[in-house]
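Presented below is the structure to which this report refers.
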């Protein structure tokens, strides 16, 4: 039998349907792979062997009994640890939630369970999704499968590394400023941030409520479409969820795979290239543009002049919202409680001691920044101005989408950097998200897929952006480019990754 | 735009209810000053004629039918709390004066 962990989710689902492979076999193969490589990669914070195998056995029995099952039934999946899972440890990468067992499931987890996908476990991340390298996890670094001395991106480095290391064919990520797309770019995998409201936020531990969006992390564009359709759609429990059906995402991915983009207008964003972008990343980007052109797409240059202010606006809006959302970690109802070592044990002093001990450096930095930006005397200059910039960025997008059906850029300015390299320079770390942040500020969807290897032999990412609620365009253009690139490479980019040493 | 002094960081950390060690205060004051200086450039283009946006997509208020539905199980919630008693969260005293 060929190695089941190398199959795409769509291919694995096909073998499960035909009866060639059982879900227990597929799930066991992935659990074995986790046991073999996760000591070195550390993508997982928690592995749910027994639950996953029980789900798999149940699906096998139901399939044998002739039950009509979801297309992805029996295909294992990993879930980012910021998504609550009933009775399964959920820490969001923070000490303050160590040992917490959520009493409910996120809506997207409920949908995964209803469709019968065995949940392999919870993946590592920057604490409360604050970071671009997963180095801000309270539970240790995740290592990039392409080079274990390098970062896997962040905040969802665990999910991206898990799919890139063949520990899972599918994973869930969340993207507040690039936390799905940037890890995809630096690990040679695929990740999609859906339109804001396309996937329910109910049961995500909120970072910035007006920016957060959950989405698929996979190795192929089609797999992302399949997973997006599974987790997406209206949810009454999230009042910001869009009360309309999703576009035909899987159909769009299949259409794109025929490599014909005749009539599609592709806008290259002037402001998201050039200075600060690694030459090899730009070279792969321009080669991808040529392929799109050869497939019939019309490539135009569009300017989004206010995008140069997006990073600044984001690092006011995000900390402001986070400082409010994270106020609930007060040591009263869940998670850690620390009593002050001296003086009266009052609620207020317990809260200060708990948060002082339970939060890591980056979380403290951003909460204090957000509290400052919202405080009397500074609100108008900082938070108020940032909200105006948000309007200007939305107008830039609106104007650009008059000229183009999709917009494109490199996903991240560089390939994966060394662990520790940017840890002491918060501003340098924030720059990793310069190309992904505008989509979150405007609520529009974005996809990242591998564009090739940069001069340093590490993967680079190509980002596609579409208007709100037109997520199908991402999948059409993404699947077309993926097919064209794989024609050139003779297979998926991940096939060029070095084999990980397997522990016994 | 003012810069962020060590005293100011200490004051804001107090508002945010985060106890910081003196070493953390020293480091954060320097880092936050650099970050604030960088993000302050938003005011360059935030002119009075530009309306503020708080949300990515236009939304109207959302209602649901006024029908009671089951809530999350109380015992499961309390089991995950730092302390509970008599079916309630057990919390430290709220007021600071001597008991």
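Even glycines carry a Cβ here, placed using N, Cα and C.
Bear in mind that TrEMBL entries carry predicted annotations, made automatically and left uncurated.
Listed in TrEMBL:
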- A:80: active site, charge relay system (ACT_SITE)
- A:155: active site, charge relay system (ACT_SITE)
- A:179: active site, acyl-ester intermediate (ACT_SITE)
- A:25-474: domain 'Amidase' (DOMAIN)
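Projection of TrEMBL feature records onto the structure.
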residue: A:80; record: active site, charge relay system; Cβ within 10 Å: 31
residue: A:155; record: active site, charge relay system; Cβ within 10 Å: 36
residue: A:179; record: active site, acyl-ester intermediate; Cβ within 10 Å: 37
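When pLDDT values are averaged over the domain 'Amidase' (A:25-474), the model yields 97.
Between the C-alpha atoms of the residue listed as 'active site, acyl-ester intermediate' and residue A:155 (active site, charge relay system), the distance comes to 5 Å. Comparing residue A:80 (active site, charge relay system) with residue A:155 (active site, charge relay system), their Cα atoms are 10 Å apart once rounded. Residue A:155 (active site, charge relay system) falls outside any helix or strand according to DSSP and counts as coil.
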